[in-house]
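Take a look at the structure below.
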Amino acid sequence: MIKSVDLPNCHLIDGIEAGAEDIDILPYGLAFISSGLKSPAMKSFAPDQPGKIFLMDLNEESPVATELKISPGFDVDSFNPHGISTYIDQNDGTVYLFVVNHPQFKSTIELFRFVEEENVLEHLKTIRHDLLPRVNDIVALGPDSFYATNDRYFSGEIMGFLELVLDLALSNVIYYSPQEVKEVATGFHSANGISLSTDKNYVYVADILGHNIHVMEKHADWSLSPVKVLEFNNLLDNLFVDPVTGDVWVACHPKMWELMFYSPENPPGSEVIRVQNILSENSIVTQVYANNGSVLQGSSVACVYDGKLLVGTVFHRALYCELEKP
């Protein structure tokens with residue numbers, strides 16, 4: 001039984017009906033939302049519709065979600081977006097959006113340029129690699145480089161099932177650039193969300209089946225070394241680092257069974273936690289929101305900007321909250 005923790009100023013976002021699996025927010029308040037993820041093992045409320053990327057301007061008094069157009073030439077019909085990450089080129093201000101895509105349930109990384117004046121995503125290229133067979137999430141490091149998590153090592157359904165059942169812990173993190181692709185961390189039960197610390201010196205990886213967050217130090221050659229592991233009781237999905245405070249916001253699944261075997265009579269619940277001082281010996285973990293599925297089902301990401309909180313889900317709706325100022 002999930003004990004509800006409510007926030008006073010929340011509402012479901014109009015127009016998002018088939019999930020908001022991942023969200024990333026630019027420093028000036030534009031939020032990109034990945035919607036419409038489909039998986040053979042997961043519920044979908046729009047199984048015949050392609051995925052979408054929505055945009056919300058959180059500076060507006062009443063923000064609305066607007067679907068972004070994608071430039072001609074990109075196969076929109078097979079678009080199945082998962083994790084996303086933004087990168088701003090400091091030289092010319094270009095905004096890049098990296099999207100984990102699963103056309104025909106395979107894994108690619110789609111690189112887009114955001115054309116703000118036209119609300120268009122211009123598709124630049126598709127990235128495929130043998131070391132990226134089961135990508136879940138991504139964090140951009142440059143205009144064409146990133147870290148990505150593989151939530152399983154084997155891409156085939158049979159071997160992937162055995163990997164989970166036997167708990168082989170082969171899930172990993174891959175560094176990708178046009179010059180070099182390599183494994184930089186392994187041993188996860190199922191690596192999921194990944195994010196960078198505010199100073200870019202540390203990488204945080206959520207292991208959803210390990211019930212923990214791994215803190216890793218990033219080195220000049222892009223390799224990672226373990227620093228500490230924070231243990232939790234629930235299943236951790238995507239991570240978002242508040243650029244102002246450095247707090248890590250985590251969306252959680254209270255019960256995996258309800259998420260995997262969907263029943264409208266017993267829907268999956270949602271939970272949001274905040275981790276303060278994650279690099280210190282005295283990290284503070286606070287439960288910010290919890291719901292039994294009556295409002296929000298299967299929370300997968302939680303992001304904050306200027307006192308506003310967005311909570312996305314794997315396949316359900318998305319929640320917008322105005323947090324009370326401290």
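Here the Cβ of each residue, glycine as well, is placed from N, Cα and C on the backbone.
TrEMBL entries are annotated by machine, without manual review.
Copied over from TrEMBL, here are the features:
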- Cys10-Cys321: disulfide bond (DISULFID)
- Glu21, Asp22, Ile84, Asn136, Asp137, Asn192, Asp237, Asn238: Ca(2+) binding site (BINDING)
- His82: active site, proton acceptor (ACT_SITE)
- Asn292: N-linked glycosylation site (CARBOHYD)
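Where TrEMBL records a feature, it is marked here on the structure.
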{"residue": "Glu21", "record": "Ca(2+) binding site", "contacts (Cβ under 8 Å, 6+ apart)": "Ser34, Ser35, Leu37, Pro81, His82, Gly83, Asn238, Ser300, Val301, Gly312, Thr313, Val314, Phe315"}
{"residue": "Asp22", "record": "Ca(2+) binding site", "contacts (Cβ under 8 Å, 6+ apart)": "Ile33, Ser34, Pro81, His82, Gly83, Ile84, Asp137, Asn238, Ser300, Val301, Gly312"}
{"residue": "Asn136", "record": "Ca(2+) binding site", "contacts (Cβ under 8 Å, 6+ apart)": "His82, Gly83, Val100, Ala148, Thr149, Asn150, Asp151, Ala191, Asn192, Gly193"}
{"residue": "Asp237", "record": "Ca(2+) binding site", "contacts (Cβ under 8 Å, 6+ apart)": "Asn192, Gly193, Ala206, Ile208, Val250, Ala251, Cys252, His253, Ser299, Ser300, Val301, Val314"}
{"residue": "Cys321", "record": "disulfide bond", "contacts (Cβ under 8 Å, 6+ apart)": "Leu7, Asn9, Cys10, Tyr289, Lys308, Leu309, Leu310, Val311"}
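Minimal Cβ crowding within 10 Å, among the recorded positions Cys10, Ile84, is found at Cys10. Comparing Cβ neighbour counts within 10 Å across the recorded positions Asn192, Asn292, the minimum falls on Asn292. Listed in chain order, the residues near the Ca(2+) site other than Glu21, Asp22, Ile84, Asn136, Asp137, Asn192, Asp237, Asn238 are His82, Gly83, Val100, Gly193, Ser300, Val301, each with its Cβ within 8 Å of the site Cβ centroid. In the structure as shown, the Cβ atom of Asp137 (Ca(2+) binding site) sits within 10 Å of 28 other Cβ atoms. In this structure, the recorded positions under consideration are His82, Asn238, and the one with the smallest number of other Cβ atoms within 10 Å of its Cβ is His82.
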